[in-house]
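Here is what TrEMBL records for this protein:
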- 1-117: domain 'Ras-GAP' (DOMAIN)
- 172-220: domain 'PH' (DOMAIN)
Amino acid sequence: RISFKGSVSEQQIRESSVESLRGYLSDIIDAILGSVEQCPPGMRLCFKQLHKRVEERFPGAASQDVKYAAISGFLFLRFFAPAILTPKLFHLREHHADPRTARTLLLLAKVVQSIGNLGQQLGHGKEQWMSPLHPLIQQSVGRLRDFLDKLTDMESDVECGQTSRTLFHPSVTIKEGFLHKRKAEAVNLVTRFTFKKRYFWLSSQTLSYSKTPDWQVSGM
């Protein structure tokens, strides 16, 4: 808590802070809900299948939101909320946030996760700052359903399968770096000399390696 002296009351500070949060949230929500085309086709295919299976398992109007929550719960919990809470881990910042900024990020992540949960737990938390944001959360939930419908609206399973198989061209390196290589044969004693350091390149079809990053000599 911070004691404020002068003409500015604590209520005014609270209202100003809530307004700042609303501004940040509006930008974040707009960015998330406008990112359909940026989502990798492979993930969209998985979400489409998940949407379909959940809808088959939980039919009826009473379970209408289950198919949405199955996708948004994962997407927001594993990607959006963590990226907001700890942006350095997602290479969005060079350094961890200071305590004051971290507190703001925590509140923003909580609200975003609440939207991902379709607002089903509104009013059950202990965070007093969440209450003034409930209307914004409710408005965003409706937009979230539209976003998820667009996210899972792909052509056909056959075409989606073709898209997912061509995510990486054979010539594109998916992963590279140093690894330690050892012959697949029995040895009595494994020492550090048993392993040879090699630089590997991994594509969708081949695994190649060499002694140095600039000298590719073998492949599988």
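Note that Cβ sites are derived from N, Cα and C of the backbone, with glycine treated the same way.
For the domain 'Ras-GAP' (1-117), residue counts in helix, strand and coil come to 89 helix, 0 strand, 28 coil, using DSSP. If you average pLDDT over the domain 'PH' (172-220) in this model, you get 72.
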